[in-house]
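A.B. asks: To start, I am sharing the structure in question, which I have written as C-alpha cells.
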C-alpha cells in the first residue's frame, strides 16, 4: 500500500510527466492551429481546448471516439503535476527561489484562465449615433421575450433562454394569462418568403403575424468567428379558452417584434439576442473612422459616448478607441466594429472578475526567471573568470582560452 | 602580417562602410539625386521620390536597376523620371517580371522575348489587357488561401500594372506631349472661361468656345485626379501666388536662360494656414488642378513639375537641375522638417546598410570557419571585428528606420526579420567576447546573413515603412510585447544554430574537441534559458495587450499558439535537461528542433491566412519554409544516426 502511494506520488511529481505533458500540449496546439482553417476559432476552442478529449467520428458513422487528450485533460494534469511537485518537494532556498516564483506565477496564470473560462461573460453593444442604451446583447445566446406593453410607463418582460427553447415543451409563467408551448426550435435558420419555397417542403408554418407569409429554412450550426447563428422557433400560446394561434419567431434582424392583443392587454413577441441590463446608460455622440491619406489603411476607430448613471452621480463623456477601452462598473467596453457610413458603432462588453490575474502572474514569472537566470549567469561568469585567471597564470598561451 | 590581420580587416571594413555615405551621382548631367529627394505623399506617408522609385521597382521586377535593352542601365530615379515625364519611352522599358509560363501564354509571349527571360515592357503587354482583367476578376472570386499559382500571378500582375498606371499619372497627364504648354494655355484661357461659365449660369449670353474649353479641362483633370493615389502637391495657401513657377515656366517656354528665374525665387512668406497643414492636405496633381477653377491660378507646384517634365523631354539638363534647385529652395521655406526626413531617407536608401552588412556577415562567417583550421587567433579576431562592424551598420539602419517612422523597431514582418537578426548577432557578440572560440562569429555571420536575406525577400512587396493599422497603433505595446517576443525568436534561433554547429562539426569533421563541445553545450543551455525568459514574458505581455484591445487574454489565435509553442518547447528543453532525460547530444537535437518551432511561429502561422494576426500573409515563402524544416529534420536525424566524433584533445595544442 505504501509502495503504491509512493509510486503514485512519484508519478505525479515526476519531471518526465511534465515533459510528456508539455510535448502532448504542443501536438494539441499545433493540430488545433491547423484545424482552425476548417473549423474556425470557436469550433477549435470547443473541440480541442474546452474538452477532456478530442473526439473524432469513425468514418462513415456518427460514433465519436476519443483520439487525443484535450485541453482540460492536459492542462488539468499539468496543474496537478505542478502543484504536487511543489507541495511535495517544496523547500525554500535562495538558489531555487526564482524557479519557485516562476511556477507560482504559472499556477496563477493557469488558474486565471480557468476562472476566465468559468466566469467571463461577453456581450456586444450596438449604438447608432445619438442612441442611448442601458443594455448590451449576447454574441451568441438568444432568448424569447414576451413584453407586456399595456402600461405606457414601463414594459413587463418575461424571457425564456434558448437552452429552454431547445427542450421544446410548455412553459407557464405567473404574470402571463397564457401558456407558451414551443412547437419547434431551430438553432440556426434563415427566414424565407413562403412563396419562394414549395408548399410541401415541410417547413414551419404559423397562423399569426410574420409566419403567415414567411417560413424559415434550417441551416447547420456555424462556428465561424464572423458569423452568428440565428435561431428560430415556432410557438403556440394557449389561454384558458383555447389556442391564441401559432407564431413564427426568428432572431434575424429583419424580423420585428410581433404585437398582439389578448385579454385587453398589449403584448409583443420576439426572439432576440439575450440582453444584459446595466444600472447606467451609454449614448453614442460621435464616431470616427480615419484612414491614412491616399490609402484605405485604417488609422483610428473611436466612439465618443456619454456615460450616465444618475444614482451614482456619473454623467461624463468618454472616448473609446482601439487599445483604449472604458472600464466601468466591473465591465470593460472595447471598440469592436464600426460602420461610419451607416452611423453605428459596436462595442464589445466584457465582464471578467479575474482580469487582474494575468498581470500579477506575468510580474511573478518575469521576476522569477530573472532571479533564476541571474543567479546562473552570475555563477557562470564567476567560474569563467576564475578559469581564465587560472589558465592565464598557468600558461601564457592564448590557445588555452580559445579552447 | 598575422598580427595585423584583425586591425586590417577592421580598417578596411570600416572604410568600405563609410564610403557608402559619400554622395554619388548616378547621372553626369541630370541632378537625379536632388529630384529623388523631393517629397511625395504615398501610402499615407511623406517620403522621397527615391523611395517610391526603389520600392516600385522591387515590387514590379524584384530588383532596383532597370536595363535599357541596349546594354546600359538606369538608376531607380532615372527610371521613375522617365515614367513621370516621358511615359512613351518608359512603356518600352522591360520592368514587369512574369515567370509563370501560363501567364506568358495569355500575352502570346515567350521567355526569350523578355529581358533576362522574365522581364517585359508595358508595350509588350498592352495588347491583351482586357483578357488579363478578365482572368484577374475570375481569380479574385476564389478565396485567397485557395488560389492557384496562376491565379496569384495574374492578380499580382494586375496590381503591378495598376501601380504603373498610377505612377504614369502622378505628375503629368501622360497623353499630353507638352503638359507645361497645356497648363500655361489653360492659365491664359482661365479668365475668359470663368466669365463664360458665370455668364451661362446667370442665363446671359456667353462665349461657347471658352465654355467648352473649361468643361474639357474640368473633365480631363477630374480623370487625372482619380488616376493616381500618389500625392506630390504640398498644401499651399491660396495667397501663394506662383511667382517662382511662373518665372520658370516663362523661361522654359521661351527657351530663355533659366538663370533669369532666381530673382523671382525669393522665399514666399509662410502663411498661418500652412502652419496647421497636415499630411492629409497633400493633393494629387489632378486634385490640385481641379482647384484651379476656384482659385483662378494653376498651382505653382504643378507647374514646377510640369517644368521638370518639359526640361526632361527637351533633354535640357541644366534647365532640369535649375528647376529642381529652385523648387527645392521654395519648398524649404514651409516644409523644412519634411525635407530633412526625405533627405535622410534618400541617403539611407543609397547607403544600403543592410546590403553592406550582408557582405560583411558572409566574410565574417568564412573567416571564422577558416579560423578553426588555421590561425585561430588572428582570423578569429578578424571575424569578430567584421561581425561587430556589420552589427553596427545594421543597428544604424534600424535606428534610421525608427527615426523616420517614429516607432519602435518592429512594426511589420520585414522589420521583425531585421530585428531577429540584430538580436541574435548581439547575443553572438556577447558569446564571442566571453568564449573567444569563433563559434559566436560563425553563428552570428550565418544568422545575420540569413535574417537580412529573408528581410530582402520580404521587401519585394513594396515600401517597408508602412503605416500602422489602428489595432496595432500602440507604441507602448510595440515597444514591449513585440520587442521582447522578437528577442525570444532571436534567442531560440541562436540556440538552434549553435546546436547545428555542434552537429555538423561532430558528424562531418574532426574539429570538435571535448572542451569545444562542452562550451557549445553551455552556450546552448544559457541561450535557451534566455529564450525562455523572453518568449514567456513576451507571450504573456501579448496576452495582456490582447486583453487591452480585444477583450480577451487568450484566444487560441494561430500567432498566439505559435508563440505559446515556442515557450513550451523551450520549457521542454530545460525540464528534459534538469530531469536528466537528455544529455549533450539530446540537448542539441532539441535545440535544432527549436528552429522548426520558431520558423513555424514566425512564418508558418501567417501562411494560414486566418486570425487577427494574419496581416503578413505570403505564400511563395511556403516552399522555403518546408525546405528549411526538412533540412533541420535531416540534421537531427544525422545527429541521432551518425556517431558524433568528439576528440578528447584540442587540434590546436
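In case you wondered, yes, glycine gets a Cβ from its N, Cα and C as well.
Whatever TrEMBL says is automated annotation, not expert-curated.
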A.B. asks: For which of the residue intervals B:218-237, B:238-257, B:258-277 does TrEMBL record region 'Disordered'?
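C.D. replies: It is B:258-277 that TrEMBL describes as region 'Disordered'.
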A.B. asks: Find the member of B:354-373, B:385-404, B:524-546, B:561-579, B:586-603 that has more C-beta pairs under 8 Å to the transmembrane segment (B:623-641) than any other listed stretch.
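C.D. replies: Per the Cβ count, the answer is B:586-603.
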A.B. asks: Which residues of the same chain, at least 6 past either end of the transmembrane segment (B:524-546), have a Cβ under 8 Å from a Cβ in it?
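C.D. replies: Sequence-remote neighbours of the transmembrane segment (B:524-546) are 427, 431, 474, 477, 480-482, 484-489, 491-492, 494-495, 498-499, 502, 552-555, 560, 563-564, 566-567, 570-571, 573-574, 577, 587-588, 591, 594.
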A.B. asks: Tell me whether the transmembrane segment (B:354-373) sits in contact with the transmembrane segment (B:438-458), defined here as at least 3 Cβ pairs under 8 Å among residues 6 or more apart in sequence.
C.D. replies: yes
A.B. asks: Would you report the average pLDDT that the model assigns to the domain 'Cytochrome c assembly protein' (B:411-613)?
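C.D. replies: It averages 87.
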